[in-house]
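Taken from Swiss-Prot, the feature Zn(2+) 1 binding site covers 38, 63, 64. Per Swiss-Prot, active site, charge relay system is recorded for 40, 43. Swiss-Prot lists 93, 96, 99, 107 with the feature Zn(2+) 2 binding site. The annotation NAD(+) binding site is assigned in Swiss-Prot to 175, 195, 200, 262, 263, 264, 286, 287 on the grounds of sequence analysis.
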């Protein structure tokens, strides 16, 4: 079958032919319809330090997708041929304390689809049936293909009560923009997002944020004054991994504020810990999606009127995958969809 693979320990990704995966007793075989390019896939393409330490070569990559069930393991119940599905890309062990306690997203033995095992940038994908999620009929293939990153956004945004709160989102990448849209949709008062990429800030404006702030040109404190905010932000969603953005967040949080961190900062990032301590801030690390509570919330948010369509900016045939990766690497895109039909 046709597949996009990391074939060499160097920059790039290559179309190749690989054997169709075999279906185990507890697995589903999924015929891929659409995939989306993740920032992780760009890291793998670029062959950065993280990729060199993490990705075995060769490896079929990709973990954002929607497809159709075409094969079912003999032990599987609850699915049938023809079901339209996406799936949780974190494969968990099922026997550690967190798995047995129902906190599977915190499994210490997690492996990643398209990272540690073959991914979805292929005509067919095999995953455990437990990881598959049926897509409701009123959710499009395009939206279903970005459920994985949308789940990161939902998990981060809904970590805290947002109704009536003032929310700061640092980082206007696709996940940050979706998190801001979720916050606004569920009842936050002011949702302010910051970045230095004007293209992506404009996407955030299309998604309905209160203010999208280019911090290279505009002061966040001035924006807060404009909005009549006198005490700081109640909730911070750190999506950028940029030390200056996190330091600004600490400066502008209200006392007792809560911060959810999805962005990955450098290991040597230095902050003023007195601000965390004396403001009584609560900081929560976010990894992946809660299985499967986040997935049910994703579907419900879309079904209740949350419009994610502006975040999808580019669509290509899989044969034009290079154009898709070029768009993602340029920084002048939202989500990029690759069609396998």
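These residue numbers are counts, starting from 1, taken along the chain as shown.
For all residues, glycine too, the Cβ spot is worked out from N, Cα and C.
Since we're looking at a predicted model, the values are computed, not measured.
Long-range neighbours of residue 38 (Zn(2+) 1 binding site) (same chain, six or more residues apart, CB within less than 8 Å of its CB): 62, 63, 64, 148, 149. Of all the recorded positions listed (43, 63, 200), 43 has the fewest other CB atoms within 10 A of its CB.
The binding-site residues examined here are 96, 99; by Cβ neighbour count within 10 Å, the least packed of them is 96. Taking the C-alpha atom of residue 93 (Zn(2+) 2 binding site) as reference, the shortest distance to any of the recorded positions 40, 263, 264 belongs to 40.
Counting only the Cα atoms, the space from residue 99 (Zn(2+) 2 binding site) to residue 195 (NAD(+) binding site) is about 36 angstrom. Residue 287 (NAD(+) binding site) sits 14 Å from residue 40 (active site, charge relay system), taking the C-alpha atoms as the reference points. There are 24 other Cβ atoms within 10 Å of the Cβ belonging to residue 262 (NAD(+) binding site). Highest Cβ count within 10 Å among the binding-site residues 93, 175, 264: 175. When the alpha carbons of residue 262 (NAD(+) binding site) and residue 40 (active site, charge relay system) are compared, the span between them is 13 angstrom.
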